[in-house]
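Visitor: So that we are looking at the same thing, I have put the structure below in structure tokens.
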Amino acid sequence: MTMKISVWSLLIVIGYHLWMSPVLAGPLNFGYLSWGQHSILEQDSVQLISHQSLLPAGDNLISLHKSLVEIESLGGNEVNVSDFLKSYLESKGLTVELQRVSSNPTVRDNVYAYLGSQRNTKVVLTSHIDTVNPFLPYYIEGDKIHGRGSCDAKSSVAAQIFAMLELMSEGKVQEGDLSLLFVVGEEIDGIGMKTVANKLNADWEVAIFGEPTENKLGVGHKGNFRFDVYAHGKACHSGYPQEGFSAIEFLLRQCVKLMDTDLPKSKLLGPSTINIGTIEGGAAANILAAEAKAEVFIRVAEDIETIRDIAEDLFDTEHSEIKVIQYSPPQYLDYDIPGMDTVVLAYATDIPYLSDRKMKIYLFGPGSIREAHGPNEYVTFSQLFEGLNGYKRMVMYNLR
């Protein structure tokens with residue numbers, strides 16, 4: 001297995017670098033792509049499936065993914081990738097709308113693309129174009145494509161785009177069948193998808209969300225309850241603590257009580273988990289802290305209302321208050337496509353912002369969440385092509 005994968009990786013890397021080599025006057029003139037290579041790991045072998053494509057040589061999934069990853073799009077600064085996608089998708093004959101999310105301090109736009117003039121479609125492929133900090137440059141190492149967003153979630157964006165382009169070239173989708181939606185702000189507060197829910201005025205029967213699921217169908221994922229706690233004390237000399245009140249000590253004690261609380265569990269999603277992400281405050285070691293702050297993130301498996309009540313009992317007091325940053329319940333998803341593996345996920349997505357709509361919702365995408373957000377984020381070549389195949393399969397299943 002190791003030898004077969006390494007040979008495949010070598011062929012892909014050599015082919016890609018020959019294709020994009022600056023030594024050449026331009027892309028190799030192979031006419032039209034005959035290496036729309038989609039690799040599928042089947043049992044103990046790597047099988048190459050070649051799709052004859054109507055897309056010009058040099059215009060392929062790997063080069064689109066490279067372009068996306070090379071554009072820095074940290075949360076709050078996504079305008080360059082939005083503009084790139086608008087130009088790219090228009091060049092493929094799609095109608096493209098930029099939905100303004102905010103203009104201050106920077107322009108932030110969602111991207112919505114479809115065939116012809118029919119804005120409402122049966123299926124929408126959607127993902128997010130923002131990434132976490134810090135930006136990491138694009139590079140290839142063996143069969144791995146590194147860079148910030150290479151996995152989460154520009155692999156999904158690229159694979160979804162090529163799924164639509166290939167289905168168009170194969171004559172399998174018509175106006176009103178399929179659209180693309182790429183949003184900003186997923187990694188921070190979901191502002192992009194919230195704006196879609198409130199203002200886009202487009203309807204779908206099926207939404208396929210793109211996130212790293214190792215190309216498995218998500219059965220469900222945990223919810224988010226994220227909040228900040230502000231504690232208030234009275235500063236005094238630490239030699240006379242009875243004269244004051246330490247905001248830090250109070251905050252720590254309340255956080256320990258939260259950590260010791262048995263939060264609601266789910267048979268499917270497992271336990272709710274708590275992370276005290278940051279604690280800050282105080283002026284010096286010899287002064288009782290007058291102010292303190294903690295950032296808390298609870299991954300909610302069940303009964304988010306009860307968990308919120310617990311947090312408010314602990315932190316909405318005469319000495320402190322909470323500010324809710326994110327509040328979204330656990331999600332239970334559609335996974336009815338025969339022959340596709342499934343997975344339960346501990347992270348959260350933008351799905352809750354559309355969950356009140358009467359439509360089917362799927363979660364699927366290339367890459368592993370374990371490789372996302374870290375200093376060595378990557379997706380493999382085979383994962384990208386498998387993701388492309390998976391999106392096409394899901395679209396066609398729901399258009400049948």
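Glycine is no exception: its Cβ is also placed from the backbone N, Cα and C atoms.
From Swiss-Prot, for reference:
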ACT_SITE  E186  active site, proton acceptor
BINDING   D152  Zn(2+) 2 binding site
BINDING   D152, E187  Zn(2+) 1 binding site
CARBOHYD  N80  N-linked glycosylation site
SIGNAL    1-25  signal peptide
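Tell me about the setting of these features in this model.
Guide: For E186 (active site, proton acceptor), the Cβ neighbour count at a 10 Å cut-off comes to 24, with all displayed protein chains included. The DSSP secondary structure for E186 (active site, proton acceptor) is coil.
Other C-beta atoms found within 10 angstroms of the C-beta of D152 (Zn(2+) 2 binding site) number 29, with every protein chain shown included.
For the recorded site, D152 (Zn(2+) 2 binding site), the DSSP three-state label reads coil.
N80 (N-linked glycosylation site): 12 other CB atoms within 10 A of its CB, across all protein chains.
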Visitor: Ten-angstrom check, please: count other Cβ atoms within 10 Å of the Cβ of E187 (Zn(2+) 1 binding site), all chains counted.
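Guide: For E187 (Zn(2+) 1 binding site), the count of other Cβ atoms within 10 Å is 19.
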Visitor: In whole Å, how far is D152 (Zn(2+) 2 binding site) from N80 (N-linked glycosylation site) when you measure between their Cα atoms?
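Guide: Cα-Cα, rounded: 17 Å.
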Visitor: Cα distance, D152 (Zn(2+) 2 binding site) to E186 (active site, proton acceptor), nearest Å?
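Guide: D152 (Zn(2+) 2 binding site) has its Cα 11 Å from the Cα of E186 (active site, proton acceptor).
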